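Shown next, in structure tokens, is the structure this report addresses.
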Amino acid sequence: MAFLEEATLMDPRFKVKLSTDEVWERLEAAALREMLGDEDTVPVEAQEVEEDEEYEGEEVENRHVVKKPRVSALEELLAEDDKELRRSLIQQEKTAPTILENIRNELSVYRGPVLPIPTSEDPAHWWWRKKETFPILSRLSSPYLCVQASSTPSERVFSTAGNTLSKERSRLLQEKVKMLIFLNKNC
């Protein structure tokens, strides 16, 4: 049921039909898993490493031995410049929005001012057109939109197969039966 609720939110035709915050939070978590990969990874904010933790052969709290890498004469000469460059890059990364912030921004825009589309419009095509506006959500939408709402189309195919094969037609070859069912359903 949870998957169907999330799929309802990802369909721009029906996103207003479901308004519980719990489902939106699950969708946020699914988007985060999609961006980080399906493996159990730690969010980017928790992966920051302090640059001054360079101990040579001493044990750290986590009982890992951290060894200082060998440096060339050029690296030793320009160590201060490199350190300053690393600090400025870290500062830029801290001011840039994180993946989670990007996901939350996209969800708030999609949830709020974006109006639902008519039921006659194709949601997959809508997401394709909006992939510049919602890059994360459009990437997440395809697994949800491929789910068929009912089993009626497949049941109709089985019914057609039952009507095509009868006692009188039991000697039909398999290829001929497939072609008859295909023509019946697609023409």
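Here the Cβ of each residue, glycine as well, is placed from N, Cα and C on the backbone.
Sequence annotations record features per position, and here TrEMBL assigns domain 'HAT C-terminal dimerisation' to 113-186. The feature region 'Disordered' is assigned by TrEMBL to 38-59.
Per-residue pLDDT, averaged along the domain 'HAT C-terminal dimerisation' (113-186), amounts to 84 for this model. For the domain 'HAT C-terminal dimerisation' (113-186), residue counts in helix, strand and coil come to 44 helix, 0 strand, 30 coil, using DSSP.
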